[in-house]
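Okay, structure first, notes after.
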């Protein structure tokens, strides 16, 4: 084990040339990031989950009820052992051949079986109340942490001149505000890693899992080798659009159509501007070029920049989805069911389809045009 630890914490990987871990030990004059500080994120992540449960129950739920968002779920399908076995073990979307076989076996007409499967699928979808509470929690935390990040960064020299991220690196003292900011963000991402298996699952679950994993690695990595200054820029920049996204979803659930559309437009503008403009031209420029000039490359420098490039790849993927949604909203003014996340589509809508109709036929969302339906697909299921 000692040999493994010595290999893992090899100074030639983590630190620039001629720098050792002993050089970064805490002294009376200065405090530096220590790897063991990150253990604090685990109990804090658990506490954050508990705070979330309390918040959703005693704050978000009353707000939802005040906005006339009901907790009533979809209509329950009548119990049937044969159909239940097909649904759970074979398919949730039976084809025509299977529908005809079930019709003969049960002596039901095909339309009744189709209706049963629609109702049964809808039973697994969360209520609008649950979705509103989840979004309100993420909105509240996102707004708080972004506000804190802006207030903290506006007092730092590296916000105004990114070269300060690398001057005297890695001998840059760790301030209490920076330490709090980092541990808070890391705790939140760990809480998302734990809760994403019980939260509402959406089509981009795999992409979001990768995003949370890379974010945790990036925060941990940049803290251990004291790249925390540039790390705060990355965190604050990526927090900028999150609150707008969750606010747009909350407006959608509350059926405030105009507010929803406005917030979505604001979210799209902020997201694309920060992720495709400011992030590569400002942050990646300093991590790739300014750091090379001032500090020079070393092994963990390459890993850190590789992780940032993965994040940028995800940013491009989500930006593509947002632009695609915006173009469809402008050109068609309506949304097809194929473009929406299955878990976010309206439970009532599927049930209102004429029996025997194609479940993937084009339809409008809640009878409205604009971005309302589009808010229920990719970008709105994202958590940055």
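The backbone N, Cα and C atoms fix where each Cβ goes, glycine too.
Counting residues per DSSP class in helix, strand and coil order gives 31 helix, 0 strand, 13 coil for the DNA-binding region (85-128). Here TrEMBL flags 85-128 as DNA-binding region.
For 363-378, the entry in TrEMBL reads compositional bias 'Low complexity'.
The domain 'Homeobox' annotation in TrEMBL covers 83-127.
Annotated domain 'TLC' per TrEMBL: 130-331, in sequence order.
Residues annotated as region 'Disordered' in TrEMBL: 338-384.
As annotated by TrEMBL, transmembrane segment applies to 38-55 (among others).
Annotation comment: TrEMBL describes 179-198 (among others) as transmembrane segment.
The transmembrane segment annotation in TrEMBL covers 205-224 (among others).
The transmembrane segment annotation in TrEMBL covers 260-282 (among others).
Away from its own ends, the transmembrane segment (302-323) comes close to residues 207, 210-211, 214-215, 217-218, 221-222, 225, 227, 234, 238, 268, 271-272, 275-276, 279-280, 283-284, 287-288, 377-379, 382 of its chain (Cβ-Cβ under 8 Å, at least six residues beyond either end). Look at TrEMBL and you will find 302-323 (among others) tagged as transmembrane segment.
Remote same-chain residues near the transmembrane segment (205-224) are listed as 14, 33, 35, 37-38, 182, 185-186, 189-190, 192-193, 196, 230-231, 234-235, 300, 303-304, 307-308, 310-311, 314, 317, 381-384 (criterion: CB distance under 8 Å, separation of at least six residues from the stretch ends). Only residues 6 or more beyond the boundaries of the transmembrane segment (38-55), in the same chain, are considered here, and those with a CB under 8 A from a CB of the stretch are 136-137, 140, 183-184, 186-188, 190-191, 194-195, 220, 223-224.
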